[in-house]
Amino acid sequence: MSKSTKDRKNICVSSEEITRQQQFIEEIKEINYQREVQTGKKKLYYLATFGCQMNEHDSEKLAGMLSEMGYAETDNMNDSDLIIYNTCCVRENAELKVYGHLGPLKHLKKENPDLLIAVCGCMMQQPEVVEHIKKTYRHVDLIFGTHNLYKFPELVYSAIGSPTTIIDVWDCEGQIAEDVAIERKDGVKAWVTVMYGCNNFCSYCIVPYVRGRERSRKMDNIIEEIKTLGQQGFKEITLLGQNVNSYGKDIGDGTSFAGLIREVDKVPGIERIRFMTSHPKDLSDELIHAMRDCQKVCEHLHLPFQAGSTRILREMNRKYTKEDYLGLVSRIKENIPDITLSTDIIVGFPGETEEDFLETLDIVEKVRFDNAYTFLYSKRTGTPAAKMEEQIPDEVKKDRFQRLLATQNRISKELNDTFLGKVVEVLVEGVSKTNDKVFTGRTRGNKIVNFEGDGSLIGQLVNVRIDNVKTWSLEGSIIK
Ligand code: 5AD
Ligand code: SF4
């Protein structure tokens, strides 16, 4: 066990360190202010995020700190003074995309030598990636990882005017930084991290190597944050962690995820509670009962099963069998009859035979998920599965992937069809990107619903009658 999880007394970054970072924020703010006075133009940042909600939420922290430093956001990178890529490495595609973006930045840097280019996040936790960026993309000014995000102000300060690339990547997880500014994109829904890291080491997955061991935030800090969000008018909270079901295990005083959601359920102003991601091996009956009992906890669960064959599950180090998973789903459905389920599935894990794949299809048919995130297995250097023999040829993977997608699309549409003519409660999230008369929101079961309305509805719960059904969304009209 790492020092930071053993020694709970020191689990949080000290207030002195946070104050030190605040001083860097003030210094940079002053530099930016002087520039603004000279040029009449505020300094701008462009931030691109790849990967999961955890990364999206980390970007909200970067945005919060940037805003404190006196930067404003732009979506035009040609116009920006600071470009930052928050990266993901869970699959090879995500990494290739980042490299594809970094190359063309060279000419921007030539045109504007004061431009700062930063890359951070999961990819940077791999030494070979840092080496590659240092060699190939010399125009990058700043590289940092996932464990020292709170040091961003100090790192920006060091990078300003530095002739060399500033690199600060920690190979072991640091302490939890409370009190970092967060600039949330949305005013209705908010992510709240409850724990960091993962101890599971699924054999295909790089996350435990780049996000470190499990560290839970203190329950008091989480509840305080959610109370503030409730006062600020946020209506929906999604509790985030790589494996939220093991929340509290490292604290060792009986704190549990079920206990946490019972407390969150009491926070005034919050109407809906969601959480992700749940590992089937750790989803306790205690949690199922808490979901059933807590009025604000939505009837939706994201429960990745990854593969249907018990043999492949063993190779994946998932620690449950196909029967365990189906039994768990039955218990959930018995306790929460309206539950909608979503999942993650990997196709083409090393050694996966046609029979193994048919077991995956069998789970999809038996459980009837509302939604599935399906992935082609991607070899990640450093994980045990990367060394396994019998890697599956691309064309076999792709063929299975298409069959899986067709099955899931049919089921999603069939489940959505059952909503035709029904009235559902929708939390209105915002306006459609393509039509300013069309608004969008979600049901408690996480179904996307589009309907005509007006801006005053954002953040409200409205009743919508479903008139039309698509595979991935519902359409309807508001009823008074
Ligand atoms: N290849 C393909 N998919 C992966 N995932 C994690 N690692 C890999 C990999 N090497 C998927 C899992 C996980 C989701 C976030 O990403 O399904 O649940
Ligand atoms: Fe990766 Fe498994 Fe941890 Fe999820 S539970 S982050 S798949 S190691």
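Cβ from N, Cα, C; glycine included.
Residues annotated as domain 'MTTase N-terminal' in TrEMBL: 43-161. Marked as [4Fe-4S] cluster 1 binding site by TrEMBL: CYS52, CYS88, CYS122. The domain 'Radical SAM core' annotation in TrEMBL covers 184-414. What TrEMBL lists as [4Fe-4S] cluster 2 binding site is CYS198, CYS202, CYS205. What TrEMBL lists as domain 'TRAM' is 417-480.
Within 8 Å of the Cβ centroid of the [4Fe-4S] cluster 2 site, not counting the listed residues CYS198, CYS202, CYS205, the chain contributes ASN200, PHE201, TYR204, ILE206, VAL207, PRO208, GLN242. Here the binding-site residues are CYS52, CYS88, CYS122, and the one with the most other Cβ atoms within 10 Å of its Cβ is CYS122. The CA atom of CYS52 ([4Fe-4S] cluster 1 binding site) is located 14 Å away from the CA atom of CYS198 ([4Fe-4S] cluster 2 binding site). With DSSP states grouped into helix (H, G, I), strand (E, B) and coil, the domain 'MTTase N-terminal' (43-161) comes out at 62 helix, 23 strand, 34 coil. Note: the domain 'TRAM' (417-480) comprises 4 helix, 34 strand, 26 coil (DSSP; helix = H, G, I, strand = E, B). Long-range Cβ contacts of CYS205 ([4Fe-4S] cluster 2 binding site) within its own chain (separation 6+, distance under 8 Å): VAL90, CYS198, ARG380, THR383. If you measure from the Cα atom of CYS202 ([4Fe-4S] cluster 2 binding site) to that of CYS88 ([4Fe-4S] cluster 1 binding site), you get 17 Å. In the predicted structure, the domain 'MTTase N-terminal' (43-161) carries a mean pLDDT of 95. Proximity to ligand 2 (Cβ under 6 Å from any of its atoms) holds for these binding-site residues out of CYS88, CYS198, CYS202: CYS198, CYS202. In this structure, CYS205 are the binding-site residues from CYS88, CYS198, CYS205 whose C-beta falls under 6 Å of some atom of ligand 1. Its own atom aside, the Cβ of CYS202 ([4Fe-4S] cluster 2 binding site) has 21 Cβ atoms within 10 angstroms in the protein chains shown. Compute the center of the Cβ atoms of CYS52, CYS88, CYS122, which mark the site for [4Fe-4S] cluster 1; besides them, the chain residues with Cβ within 8 Å of that center are PHE50, GLY51, MET54, ASN55, THR87, CYS89, VAL90, ALA94, GLY121, VAL207, VAL210. Reduced to three states, the DSSP call for CYS202 ([4Fe-4S] cluster 2 binding site) is coil.
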